[in-house]
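Working notes, beginning with the structure itself.
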Amino acid sequence: MASVQASRRQWCYLCDLPKMPWAMVWDFSEAVCRGCVNFEGADRIELLIDAARQLKRSHVLPEGRSPGPPALKHPATKDLAAAAAQGPQLPPPQAQPQPSGTGGGVSGQDRYDRATSSGRLPLPSPALEYTLGSRLANGLGREEAVAEGARRALLGSMPGLMPPGLLAAAVSGLGSRGLTLAPGLSPARPLFGSDFEKEKQQRNADCLAELNEAMRGRAEEWHGRPKAVREQLLALSACAPFNVRFKKDHGLVGRVFAFDATARPPGYEFELKLFTEYPCGSGNVYAGVLAVARQMFHDALREPGKALASSGFKYLEYERRHGSGEWRQLGELLTDGVRSFREPAPAEALPQQYPEPAPAALCGPPPRAPSRNLAPTPRRRKASPEPEGEAAGKMTTEEQQQRHWVAPGGPYSAETPGVPSPIAALKNVAEALGHSPKDPGGGGGPVRAGGASPAASSTAQPPTQHRLVARNGEAEVSPTAGAEAVSGGGSGTGATPGAPLCCTLCRERLEDTHFVQCPSVPGHKFCFPCSREFIKAQGPAGEVYCPSGDKCPLVGSSVPWAFMQGEIATILAGDIKVKKERDP
(Lines of atoms letter the chains of each structure in order from A and count residues from 1; the text may use other names and numbers.)
(Lines give C-alpha, C1' and ligand atoms only; values in the text may rest on other atoms or scores of the structure.)
Protein backbone atom coordinates (compact mmCIF):
# COMPACT_ATOMS: atom_id res chain seq x y z
CA MET A 1 0.00 0.00 0.00
CA ALA A 2 2.86 2.35 0.83
CA SER A 3 4.46 1.74 -2.57
CA VAL A 4 1.16 2.54 -4.31
CA GLN A 5 0.86 5.83 -2.45
CA ALA A 6 4.50 6.66 -3.15
CA SER A 7 4.02 6.06 -6.85
CA ARG A 8 1.12 8.53 -6.91
CA ARG A 9 3.13 11.34 -5.39
CA GLN A 10 4.55 14.23 -7.36
CA TRP A 11 7.65 16.25 -6.56
CA CYS A 12 7.43 19.96 -5.79
CA TYR A 13 9.90 21.86 -7.96
CA LEU A 14 10.85 24.25 -5.16
CA CYS A 15 11.05 22.16 -1.99
CA ASP A 16 11.81 18.80 -3.70
CA LEU A 17 9.42 16.93 -1.45
CA PRO A 18 6.92 14.29 -2.54
CA LYS A 19 3.36 15.53 -2.41
CA MET A 20 0.01 13.99 -3.14
CA PRO A 21 -1.68 15.17 -6.36
CA TRP A 22 -4.29 17.17 -4.49
CA ALA A 23 -1.52 19.14 -2.77
CA MET A 24 0.05 20.25 -6.06
CA VAL A 25 -0.61 23.41 -8.05
CA TRP A 26 -0.26 23.17 -11.84
CA ASP A 27 -0.95 26.82 -12.71
CA PHE A 28 2.72 27.74 -13.07
CA SER A 29 5.53 26.73 -15.39
CA GLU A 30 6.52 23.94 -12.99
CA ALA A 31 4.51 21.86 -10.56
CA VAL A 32 4.77 23.29 -7.06
CA CYS A 33 3.04 22.36 -3.83
CA ARG A 34 0.47 24.49 -2.11
CA GLY A 35 2.74 24.97 0.86
CA CYS A 36 5.35 26.76 -1.25
CA VAL A 37 2.68 28.87 -2.94
CA ASN A 38 1.20 29.94 0.38
CA PHE A 39 4.57 30.61 1.95
CA GLU A 40 6.20 32.52 -0.90
CA GLY A 41 3.15 34.17 -2.43
CA ALA A 42 1.67 33.41 -5.81
CA ASP A 43 3.11 36.58 -7.35
CA ARG A 44 6.69 35.43 -6.63
CA ILE A 45 6.43 31.74 -7.56
CA GLU A 46 7.54 32.22 -11.18
CA LEU A 47 10.55 34.22 -10.05
CA LEU A 48 11.51 31.52 -7.56
CA ILE A 49 11.00 28.77 -10.12
CA ASP A 50 13.38 30.56 -12.48
CA ALA A 51 15.94 31.01 -9.69
CA ALA A 52 15.61 27.35 -8.69
CA ARG A 53 16.01 26.26 -12.30
CA GLN A 54 19.24 28.23 -12.64
CA LEU A 55 20.55 26.91 -9.34
CA LYS A 56 19.77 23.32 -10.24
CA ARG A 57 21.66 23.69 -13.50
CA SER A 58 24.70 25.59 -12.29
CA HIS A 59 25.16 24.54 -8.69
CA VAL A 60 23.35 21.43 -7.52
CA LEU A 61 23.34 18.96 -10.39
CA PRO A 62 27.12 18.90 -11.11
CA GLU A 63 27.62 17.72 -7.52
CA GLY A 64 25.59 14.56 -7.90
CA ARG A 65 22.02 15.79 -7.83
CA SER A 66 19.43 13.19 -8.70
CA PRO A 67 17.37 13.75 -11.81
CA GLY A 68 14.24 13.24 -9.69
CA PRO A 69 11.13 11.31 -10.60
CA PRO A 70 10.41 10.73 -14.29
CA ALA A 71 6.86 12.09 -13.92
CA LEU A 72 7.99 15.73 -13.80
CA LYS A 73 9.25 17.57 -16.83
CA HIS A 74 12.25 19.28 -15.27
CA PRO A 75 14.64 20.83 -17.79
CA ALA A 76 17.56 20.06 -15.50
CA THR A 77 16.63 16.38 -15.50
CA LYS A 78 16.64 16.22 -19.29
CA ASP A 79 20.03 17.92 -19.49
CA LEU A 80 21.52 15.51 -17.00
CA ALA A 81 20.11 12.45 -18.78
CA ALA A 82 21.52 13.63 -22.12
CA ALA A 83 24.93 14.26 -20.58
CA ALA A 84 24.95 10.83 -18.98
CA ALA A 85 24.05 9.16 -22.29
CA GLN A 86 26.82 10.94 -24.23
CA GLY A 87 29.55 10.75 -21.62
CA PRO A 88 31.92 7.82 -20.94
CA GLN A 89 30.37 4.81 -19.33
CA LEU A 90 31.36 4.48 -15.69
CA PRO A 91 32.07 1.07 -14.15
CA PRO A 92 29.13 -0.34 -12.26
CA PRO A 93 29.29 0.46 -8.58
CA GLN A 94 30.03 -2.32 -6.15
CA ALA A 95 26.99 -3.46 -4.28
CA GLN A 96 27.07 -2.58 -0.63
CA PRO A 97 24.48 -4.23 1.60
CA GLN A 98 22.47 -1.66 3.47
CA PRO A 99 19.13 -1.85 5.18
CA SER A 100 16.29 -0.54 3.05
CA GLY A 101 15.12 2.99 3.72
CA THR A 102 17.67 3.99 6.35
CA GLY A 103 21.08 3.77 4.75
CA GLY A 104 22.53 1.69 7.59
CA GLY A 105 25.05 3.06 10.01
CA VAL A 106 27.26 4.60 7.32
CA SER A 107 26.97 8.36 7.09
CA GLY A 108 26.05 10.11 3.88
CA GLN A 109 29.35 11.97 3.86
CA ASP A 110 31.28 8.66 3.86
CA ARG A 111 29.32 7.39 0.88
CA TYR A 112 29.87 10.70 -0.90
CA ASP A 113 33.62 10.51 -0.27
CA ARG A 114 33.80 6.93 -1.61
CA ALA A 115 31.80 7.87 -4.67
CA THR A 116 33.94 10.88 -5.52
CA SER A 117 37.24 9.07 -4.82
CA SER A 118 36.33 6.30 -7.27
CA GLY A 119 35.55 8.86 -9.96
CA ARG A 120 31.84 8.26 -10.13
CA LEU A 121 28.71 9.91 -8.89
CA PRO A 122 25.63 8.00 -7.74
CA LEU A 123 23.07 8.13 -10.50
CA PRO A 124 20.65 5.26 -9.92
CA SER A 125 18.00 4.31 -12.40
CA PRO A 126 14.43 5.50 -11.85
CA ALA A 127 13.41 1.96 -10.95
CA LEU A 128 15.60 2.09 -7.85
CA GLU A 129 14.42 5.49 -6.66
CA TYR A 130 12.25 4.08 -3.91
CA THR A 131 14.32 1.00 -2.99
CA LEU A 132 17.92 2.13 -2.59
CA GLY A 133 18.68 2.62 1.06
CA SER A 134 21.23 5.30 0.26
CA ARG A 135 18.60 7.59 -1.20
CA LEU A 136 15.96 9.74 0.39
CA ALA A 137 12.28 9.56 -0.45
CA ASN A 138 12.58 12.53 -2.79
CA GLY A 139 15.20 10.83 -4.98
CA LEU A 140 18.21 12.73 -3.61
CA GLY A 141 21.37 11.03 -2.44
CA ARG A 142 22.19 11.23 1.24
CA GLU A 143 24.89 13.84 0.79
CA GLU A 144 24.06 16.08 3.69
CA ALA A 145 26.52 18.77 2.74
CA VAL A 146 25.24 19.03 -0.82
CA ALA A 147 21.61 18.79 0.23
CA GLU A 148 22.06 21.47 2.86
CA GLY A 149 23.81 23.75 0.39
CA ALA A 150 21.06 23.25 -2.15
CA ARG A 151 18.41 23.95 0.47
CA ARG A 152 20.07 27.19 1.51
CA ALA A 153 20.52 28.22 -2.10
CA LEU A 154 16.85 27.64 -2.90
CA LEU A 155 15.64 29.40 0.23
CA GLY A 156 18.16 32.13 -0.40
CA SER A 157 16.06 33.44 -3.28
CA MET A 158 13.90 35.12 -0.68
CA PRO A 159 14.89 38.74 0.05
CA GLY A 160 17.32 39.11 2.89
CA LEU A 161 18.46 35.47 2.95
CA MET A 162 20.58 35.18 -0.18
CA PRO A 163 23.70 37.23 -0.95
CA PRO A 164 23.21 39.60 -3.89
CA GLY A 165 26.17 38.15 -5.75
CA LEU A 166 24.81 34.61 -5.68
CA LEU A 167 21.35 35.77 -6.69
CA ALA A 168 22.79 37.82 -9.55
CA ALA A 169 24.64 34.77 -10.81
CA ALA A 170 21.60 32.53 -10.50
CA VAL A 171 18.87 34.74 -11.92
CA SER A 172 19.21 35.80 -15.52
CA GLY A 173 18.58 39.45 -16.27
CA LEU A 174 19.67 40.67 -12.83
CA GLY A 175 21.75 43.81 -13.12
CA SER A 176 23.33 46.20 -10.70
CA ARG A 177 19.99 47.82 -9.90
CA GLY A 178 18.39 44.60 -8.64
CA LEU A 179 15.76 42.27 -9.94
CA THR A 180 13.90 43.01 -13.11
CA LEU A 181 10.24 42.18 -13.46
CA ALA A 182 9.61 38.62 -14.50
CA PRO A 183 7.18 37.97 -17.37
CA GLY A 184 3.61 37.98 -16.18
CA LEU A 185 4.28 40.06 -13.08
CA SER A 186 2.51 43.37 -12.77
CA PRO A 187 4.68 46.44 -12.25
CA ALA A 188 2.51 47.31 -9.26
CA ARG A 189 3.52 44.14 -7.42
CA PRO A 190 6.39 44.52 -4.97
CA LEU A 191 9.54 42.49 -5.51
CA PHE A 192 12.20 44.01 -3.29
CA GLY A 193 11.73 46.96 -1.00
CA SER A 194 14.16 49.43 -2.58
CA ASP A 195 13.19 48.74 -6.17
CA PHE A 196 9.52 48.85 -5.35
CA GLU A 197 9.89 52.16 -3.52
CA LYS A 198 11.82 53.67 -6.44
CA GLU A 199 9.23 52.45 -8.90
CA LYS A 200 6.42 53.73 -6.71
CA GLN A 201 8.03 57.15 -6.34
CA GLN A 202 8.62 57.38 -10.08
CA ARG A 203 5.03 56.40 -10.79
CA ASN A 204 3.73 58.95 -8.29
CA ALA A 205 5.95 61.63 -9.79
CA ASP A 206 4.58 60.91 -13.26
CA CYS A 207 1.01 60.89 -11.95
CA LEU A 208 1.50 64.18 -10.13
CA ALA A 209 2.94 65.76 -13.26
CA GLU A 210 -0.15 64.68 -15.19
CA LEU A 211 -2.35 65.84 -12.34
CA ASN A 212 -0.70 69.25 -12.42
CA GLU A 213 -1.55 69.56 -16.10
CA ALA A 214 -5.11 68.45 -15.40
CA MET A 215 -5.53 71.05 -12.66
CA ARG A 216 -4.12 73.75 -14.90
CA GLY A 217 -6.54 72.73 -17.62
CA ARG A 218 -9.39 72.74 -15.11
CA ALA A 219 -8.52 76.24 -13.99
CA GLU A 220 -8.55 77.40 -17.61
CA GLU A 221 -11.68 75.33 -18.34
CA TRP A 222 -9.65 73.41 -20.94
CA HIS A 223 -9.33 76.37 -23.24
CA GLY A 224 -8.42 75.33 -26.76
CA ARG A 225 -10.05 71.92 -26.56
CA PRO A 226 -13.05 71.05 -28.74
CA LYS A 227 -16.45 72.03 -27.41
CA ALA A 228 -17.58 68.46 -26.82
CA VAL A 229 -14.43 67.74 -24.83
CA ARG A 230 -14.81 70.87 -22.69
CA GLU A 231 -18.46 70.23 -21.92
CA GLN A 232 -17.80 66.63 -21.03
CA LEU A 233 -14.91 67.48 -18.72
CA LEU A 234 -16.84 70.28 -17.02
CA ALA A 235 -19.83 68.01 -16.44
CA LEU A 236 -17.72 65.23 -14.95
CA SER A 237 -15.61 67.61 -12.90
CA ALA A 238 -18.75 69.03 -11.32
CA CYS A 239 -19.44 65.52 -9.96
CA ALA A 240 -16.03 65.03 -8.39
CA PRO A 241 -15.04 63.88 -5.89
CA PHE A 242 -16.92 60.61 -5.57
CA ASN A 243 -16.09 57.19 -4.17
CA VAL A 244 -15.08 54.12 -6.15
CA ARG A 245 -14.52 50.62 -4.82
CA PHE A 246 -13.35 47.23 -6.01
CA LYS A 247 -16.24 45.08 -7.14
CA LYS A 248 -14.96 41.88 -5.52
CA ASP A 249 -13.84 43.45 -2.24
CA HIS A 250 -15.93 46.35 -1.00
CA GLY A 251 -13.34 47.23 1.61
CA LEU A 252 -10.99 48.60 -1.08
CA VAL A 253 -12.26 52.15 -1.50
CA GLY A 254 -10.74 55.09 -3.36
CA ARG A 255 -12.07 58.32 -4.75
CA VAL A 256 -12.05 59.99 -8.14
CA PHE A 257 -11.26 63.67 -7.79
CA ALA A 258 -10.13 64.99 -11.19
CA PHE A 259 -10.57 64.45 -14.93
CA ASP A 260 -8.58 65.36 -18.01
CA ALA A 261 -8.37 64.63 -21.73
CA THR A 262 -5.23 63.14 -23.22
CA ALA A 263 -4.07 62.35 -26.73
CA ARG A 264 -5.60 59.18 -28.10
CA PRO A 265 -4.09 56.54 -30.40
CA PRO A 266 -5.21 56.60 -34.04
CA GLY A 267 -8.96 56.52 -34.37
CA TYR A 268 -9.97 59.13 -31.79
CA GLU A 269 -8.71 62.59 -31.03
CA PHE A 270 -8.93 62.56 -27.22
CA GLU A 271 -9.35 60.02 -24.46
CA LEU A 272 -10.79 60.62 -21.01
CA LYS A 273 -8.43 60.20 -18.09
CA LEU A 274 -9.45 60.25 -14.45
CA PHE A 275 -7.29 60.60 -11.36
CA THR A 276 -8.01 58.42 -8.35
CA GLU A 277 -6.69 58.51 -4.82
CA TYR A 278 -6.36 55.03 -3.33
CA PRO A 279 -6.61 54.26 -0.48
CA CYS A 280 -8.65 57.22 0.67
CA GLY A 281 -6.55 59.78 2.47
CA SER A 282 -3.25 58.15 1.55
CA GLY A 283 -2.18 60.68 -1.08
CA ASN A 284 -1.35 57.89 -3.56
CA VAL A 285 -2.60 59.07 -6.94
CA TYR A 286 -3.32 56.77 -9.88
CA ALA A 287 -3.75 58.14 -13.39
CA GLY A 288 -6.28 56.10 -15.30
CA VAL A 289 -8.61 53.30 -14.31
CA LEU A 290 -6.35 50.40 -15.19
CA ALA A 291 -3.64 51.39 -12.70
CA VAL A 292 -5.93 51.67 -9.69
CA ALA A 293 -7.91 48.58 -10.72
CA ARG A 294 -4.69 46.57 -10.99
CA GLN A 295 -3.62 47.71 -7.52
CA MET A 296 -7.01 46.86 -6.02
CA PHE A 297 -6.95 43.52 -7.80
CA HIS A 298 -3.58 42.78 -6.27
CA ASP A 299 -4.67 43.91 -2.80
CA ALA A 300 -7.78 41.75 -2.88
CA LEU A 301 -5.75 38.54 -3.45
CA ARG A 302 -8.86 36.72 -4.55
CA GLU A 303 -7.21 35.21 -7.62
CA PRO A 304 -3.46 35.16 -6.98
CA GLY A 305 -1.18 34.71 -9.91
CA LYS A 306 -3.62 36.20 -12.41
CA ALA A 307 -3.82 39.62 -14.01
CA LEU A 308 -6.56 41.90 -15.25
CA ALA A 309 -7.86 40.92 -18.66
CA SER A 310 -9.69 44.17 -19.45
CA SER A 311 -9.34 47.92 -19.07
CA GLY A 312 -10.46 47.73 -15.45
CA PHE A 313 -13.84 49.48 -15.74
CA LYS A 314 -15.80 46.30 -15.05
CA TYR A 315 -13.87 45.74 -11.81
CA LEU A 316 -14.77 49.13 -10.28
CA GLU A 317 -18.01 50.50 -8.90
CA TYR A 318 -18.85 54.10 -8.10
CA GLU A 319 -21.21 55.53 -5.51
CA ARG A 320 -23.88 57.61 -7.16
CA ARG A 321 -24.85 59.47 -4.01
CA HIS A 322 -22.60 59.54 -0.96
CA GLY A 323 -23.92 57.48 1.92
CA SER A 324 -26.86 56.07 -0.02
CA GLY A 325 -25.29 52.68 -0.65
CA GLU A 326 -26.18 52.94 -4.34
CA TRP A 327 -23.18 51.56 -6.19
CA ARG A 328 -23.05 51.13 -9.93
CA GLN A 329 -20.50 49.73 -12.30
CA LEU A 330 -18.10 52.41 -13.46
CA GLY A 331 -18.42 51.18 -17.03
CA GLU A 332 -22.08 52.26 -17.03
CA LEU A 333 -21.06 55.86 -16.39
CA LEU A 334 -17.89 55.97 -18.48
CA THR A 335 -18.86 54.01 -21.55
CA ASP A 336 -16.65 53.73 -24.62
CA GLY A 337 -18.47 56.66 -26.21
CA VAL A 338 -18.04 58.82 -23.11
CA ARG A 339 -14.36 57.99 -22.77
CA SER A 340 -13.74 58.94 -26.39
CA PHE A 341 -15.92 62.10 -26.14
CA ARG A 342 -18.25 60.86 -28.84
CA GLU A 343 -21.33 61.08 -26.60
CA PRO A 344 -22.14 62.81 -23.31
CA ALA A 345 -22.37 60.94 -20.06
CA PRO A 346 -25.93 59.87 -19.19
CA ALA A 347 -27.43 62.40 -16.80
CA GLU A 348 -29.18 59.75 -14.71
CA ALA A 349 -25.86 57.98 -14.09
CA LEU A 350 -23.84 61.03 -13.03
CA PRO A 351 -22.75 60.84 -9.38
CA GLN A 352 -23.68 63.61 -7.01
CA GLN A 353 -20.85 65.64 -5.58
CA TYR A 354 -20.49 65.21 -1.85
CA PRO A 355 -21.27 68.68 -0.41
CA GLU A 356 -18.93 68.56 2.56
CA PRO A 357 -16.41 71.34 3.32
CA ALA A 358 -13.93 68.87 4.80
CA PRO A 359 -12.79 66.40 2.14
CA ALA A 360 -11.67 63.94 4.80
CA ALA A 361 -15.24 62.88 5.43
CA LEU A 362 -15.74 61.66 1.86
CA CYS A 363 -13.95 58.36 2.27
CA GLY A 364 -14.38 56.55 5.51
CA PRO A 365 -11.83 54.05 6.74
CA PRO A 366 -12.15 50.60 5.19
CA PRO A 367 -13.85 47.83 7.18
CA ARG A 368 -11.79 45.93 9.69
CA ALA A 369 -11.71 42.62 7.87
CA PRO A 370 -9.50 43.51 4.90
CA SER A 371 -7.20 45.65 7.05
CA ARG A 372 -5.48 42.56 8.47
CA ASN A 373 -4.42 40.77 5.28
CA LEU A 374 -1.70 42.83 3.66
CA ALA A 375 1.35 44.34 5.06
CA PRO A 376 2.70 46.06 1.90
CA THR A 377 -0.53 47.87 1.20
CA PRO A 378 -1.28 50.92 3.38
CA ARG A 379 -4.80 49.88 4.23
CA ARG A 380 -4.53 50.68 7.90
CA ARG A 381 -7.35 52.53 9.55
CA LYS A 382 -5.52 55.55 10.86
CA ALA A 383 -4.79 59.17 10.15
CA SER A 384 -1.44 59.56 11.81
CA PRO A 385 1.44 61.09 9.84
CA GLU A 386 3.89 58.65 8.33
CA PRO A 387 7.22 60.40 7.92
CA GLU A 388 9.25 57.27 7.18
CA GLY A 389 10.09 57.65 3.51
CA GLU A 390 6.62 58.17 2.13
CA ALA A 391 6.75 61.92 1.64
CA ALA A 392 8.52 61.53 -1.70
CA GLY A 393 5.51 59.88 -3.27
CA LYS A 394 2.90 62.25 -1.85
CA MET A 395 1.34 65.26 -3.45
CA THR A 396 2.75 68.70 -2.83
CA THR A 397 0.86 71.09 -0.59
CA GLU A 398 -0.48 73.07 -3.53
CA GLU A 399 -1.71 69.96 -5.29
CA GLN A 400 -3.24 68.65 -2.08
CA GLN A 401 -5.25 71.81 -1.69
CA GLN A 402 -6.45 71.47 -5.26
CA ARG A 403 -7.50 67.85 -5.14
CA HIS A 404 -10.83 68.61 -3.44
CA TRP A 405 -11.76 71.48 -5.68
CA VAL A 406 -15.30 72.52 -6.53
CA ALA A 407 -16.49 74.45 -9.54
CA PRO A 408 -15.90 78.23 -9.31
CA GLY A 409 -19.00 79.96 -8.14
CA GLY A 410 -20.40 76.77 -6.71
CA PRO A 411 -22.41 76.73 -3.51
CA TYR A 412 -19.37 75.88 -1.39
CA SER A 413 -16.62 77.73 -3.14
CA ALA A 414 -17.04 80.83 -0.99
CA GLU A 415 -17.19 78.92 2.27
CA THR A 416 -13.99 76.93 1.88
CA PRO A 417 -11.45 79.08 0.06
CA GLY A 418 -8.43 77.53 1.79
CA VAL A 419 -9.52 74.19 3.17
CA PRO A 420 -6.46 71.93 3.17
CA SER A 421 -6.62 68.25 2.44
CA PRO A 422 -6.23 65.63 5.17
CA ILE A 423 -2.62 65.11 4.16
CA ALA A 424 -1.81 68.81 4.56
CA ALA A 425 -3.57 68.89 7.92
CA LEU A 426 -1.64 65.85 9.07
CA LYS A 427 1.64 67.47 8.10
CA ASN A 428 0.68 70.51 10.16
CA VAL A 429 -0.09 68.23 13.07
CA ALA A 430 3.24 66.48 12.68
CA GLU A 431 5.03 69.83 12.87
CA ALA A 432 3.01 70.84 15.92
CA LEU A 433 3.65 67.64 17.91
CA GLY A 434 5.21 68.31 21.25
CA HIS A 435 3.35 71.61 21.72
CA SER A 436 0.36 71.50 23.99
CA PRO A 437 -2.74 73.53 23.11
CA LYS A 438 -2.06 75.35 26.38
CA ASP A 439 1.22 76.75 25.04
CA PRO A 440 1.22 80.47 24.19
CA GLY A 441 2.52 79.86 20.70
CA GLY A 442 0.00 77.20 19.86
CA GLY A 443 -3.10 79.32 19.68
CA GLY A 444 -2.76 80.31 16.07
CA GLY A 445 -1.92 76.90 14.71
CA PRO A 446 -4.25 74.28 13.32
CA VAL A 447 -6.71 72.57 15.61
CA ARG A 448 -5.12 69.43 17.00
CA ALA A 449 -8.49 67.83 17.48
CA GLY A 450 -9.67 64.97 15.34
CA GLY A 451 -7.32 62.50 16.96
CA ALA A 452 -4.40 64.35 15.48
CA SER A 453 -1.94 62.39 17.48
CA PRO A 454 0.58 59.94 16.17
CA ALA A 455 -1.84 57.48 17.68
CA ALA A 456 -2.71 54.92 15.12
CA SER A 457 -3.32 51.29 15.91
CA SER A 458 -1.76 49.21 18.61
CA THR A 459 0.36 47.32 16.11
CA ALA A 460 2.38 50.35 15.05
CA GLN A 461 4.19 51.18 18.30
CA PRO A 462 4.72 49.41 21.63
CA PRO A 463 2.17 50.17 24.34
CA THR A 464 4.83 51.70 26.57
CA GLN A 465 4.88 54.84 24.48
CA HIS A 466 1.15 55.41 24.97
CA ARG A 467 0.90 57.17 21.64
CA LEU A 468 -1.49 54.84 19.88
CA VAL A 469 -5.02 54.46 20.80
CA ALA A 470 -7.03 56.71 18.56
CA ARG A 471 -8.95 54.82 15.88
CA ASN A 472 -9.48 57.93 13.81
CA GLY A 473 -9.77 56.98 10.20
CA GLU A 474 -10.28 60.40 8.64
CA ALA A 475 -11.33 62.62 11.53
CA GLU A 476 -8.86 65.40 10.91
CA VAL A 477 -10.35 68.88 11.39
CA SER A 478 -9.14 71.81 9.35
CA PRO A 479 -8.93 75.37 10.79
CA THR A 480 -12.06 76.48 8.95
CA ALA A 481 -14.09 73.47 9.98
CA GLY A 482 -12.74 73.29 13.51
CA ALA A 483 -15.53 75.32 15.07
CA GLU A 484 -18.22 73.13 13.60
CA ALA A 485 -16.48 69.90 14.57
CA VAL A 486 -15.64 70.94 18.12
CA SER A 487 -19.05 72.39 18.86
CA GLY A 488 -20.75 69.42 17.21
CA GLY A 489 -18.68 67.09 19.35
CA GLY A 490 -19.85 68.85 22.47
CA SER A 491 -16.61 70.33 23.71
CA GLY A 492 -18.48 73.38 24.94
CA THR A 493 -15.43 75.60 24.99
CA GLY A 494 -16.19 77.94 22.16
CA ALA A 495 -15.64 77.78 18.43
CA THR A 496 -12.11 79.10 18.28
CA PRO A 497 -9.26 77.27 16.57
CA GLY A 498 -7.30 77.13 19.83
CA ALA A 499 -10.17 75.77 21.95
CA PRO A 500 -9.06 72.99 24.31
CA LEU A 501 -10.20 69.44 23.74
CA CYS A 502 -12.64 67.97 26.21
CA CYS A 503 -13.83 64.44 26.86
CA THR A 504 -17.32 63.82 25.54
CA LEU A 505 -18.31 61.91 28.68
CA CYS A 506 -16.66 63.58 31.68
CA ARG A 507 -16.00 67.00 30.09
CA GLU A 508 -12.43 67.00 31.40
CA ARG A 509 -9.72 68.60 29.34
CA LEU A 510 -7.76 66.24 27.09
CA GLU A 511 -4.09 66.10 26.31
CA ASP A 512 -3.63 66.68 22.58
CA THR A 513 -1.91 63.33 22.01
CA HIS A 514 -3.62 61.14 24.61
CA PHE A 515 -7.23 60.45 23.86
CA VAL A 516 -9.46 58.05 21.98
CA GLN A 517 -11.08 59.33 18.78
CA CYS A 518 -14.17 57.84 17.18
CA PRO A 519 -13.42 57.28 13.46
CA SER A 520 -17.00 58.04 12.44
CA VAL A 521 -18.00 61.08 14.52
CA PRO A 522 -15.28 63.76 14.83
CA GLY A 523 -16.89 65.13 17.99
CA HIS A 524 -16.59 61.84 19.87
CA LYS A 525 -13.39 62.20 21.89
CA PHE A 526 -12.80 60.26 25.09
CA CYS A 527 -10.15 60.29 27.77
CA PHE A 528 -8.35 57.13 28.83
CA PRO A 529 -10.16 56.67 32.18
CA CYS A 530 -13.60 56.95 30.58
CA SER A 531 -12.61 54.63 27.76
CA ARG A 532 -11.14 52.17 30.25
CA GLU A 533 -14.29 52.13 32.37
CA PHE A 534 -16.47 51.69 29.30
CA ILE A 535 -14.41 48.73 28.08
CA LYS A 536 -14.46 47.10 31.51
CA ALA A 537 -18.24 47.52 31.69
CA GLN A 538 -18.68 45.66 28.40
CA GLY A 539 -17.07 42.50 29.75
CA PRO A 540 -14.48 40.25 28.11
CA ALA A 541 -16.85 38.80 25.51
CA GLY A 542 -18.29 40.53 22.48
CA GLU A 543 -17.34 43.58 20.47
CA VAL A 544 -16.57 46.91 22.13
CA TYR A 545 -18.06 49.79 20.18
CA CYS A 546 -17.81 53.57 20.55
CA PRO A 547 -17.52 54.68 24.22
CA SER A 548 -20.37 57.11 23.62
CA GLY A 549 -22.75 54.15 23.76
CA ASP A 550 -23.73 54.45 20.11
CA LYS A 551 -22.80 51.97 17.42
CA CYS A 552 -21.27 54.55 15.13
CA PRO A 553 -21.13 53.16 11.58
CA LEU A 554 -18.17 53.60 9.32
CA VAL A 555 -18.57 56.33 6.73
CA GLY A 556 -20.19 54.89 3.64
CA SER A 557 -21.15 51.68 5.40
CA SER A 558 -23.74 50.38 7.84
CA VAL A 559 -21.18 48.31 9.77
CA PRO A 560 -20.31 49.86 13.16
CA TRP A 561 -16.67 50.11 14.07
CA ALA A 562 -15.28 48.27 17.09
CA PHE A 563 -12.02 48.29 19.01
CA MET A 564 -9.29 45.83 18.09
CA GLN A 565 -7.82 43.62 20.79
CA GLY A 566 -4.50 45.41 20.67
CA GLU A 567 -6.17 48.76 21.20
CA ILE A 568 -8.19 47.42 24.11
CA ALA A 569 -5.00 46.12 25.70
CA THR A 570 -3.34 49.50 25.24
CA ILE A 571 -6.25 51.39 26.77
CA LEU A 572 -6.43 49.01 29.72
CA ALA A 573 -2.70 49.35 30.43
CA GLY A 574 -2.40 50.32 34.07
CA ASP A 575 0.67 52.51 33.71
CA ILE A 576 -1.39 55.38 32.29
CA LYS A 577 -2.49 57.20 35.43
CA VAL A 578 -3.46 60.71 34.38
CA LYS A 579 -5.03 62.29 31.37
CA LYS A 580 -2.69 65.25 31.01
CA GLU A 581 0.68 63.61 31.20
CA ARG A 582 3.31 64.85 28.78
CA ASP A 583 5.75 62.89 26.72
CA PRO A 584 9.36 63.25 27.95
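Including glycine, each Cβ sits where the backbone N, Cα and C put it.
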Annotated stretch (coiled coil, per Swiss-Prot) among the listed ranges 197-217, 302-322, 323-343, 470-490: 197-217
Among ranges 119-166, 503-550, whichever one Swiss-Prot labels zinc finger: 503-550
Selected residue, Swiss-Prot feature SUMO2 cross-link, from candidates Lys438, Lys579: Lys438
Per-state residue totals over the region 'Cys-rich' (503-550) - DSSP helix, strand, coil: 11 helix, 7 strand, 30 coil
Averaged pLDDT score, the region 'Cys-rich' (503-550): 84
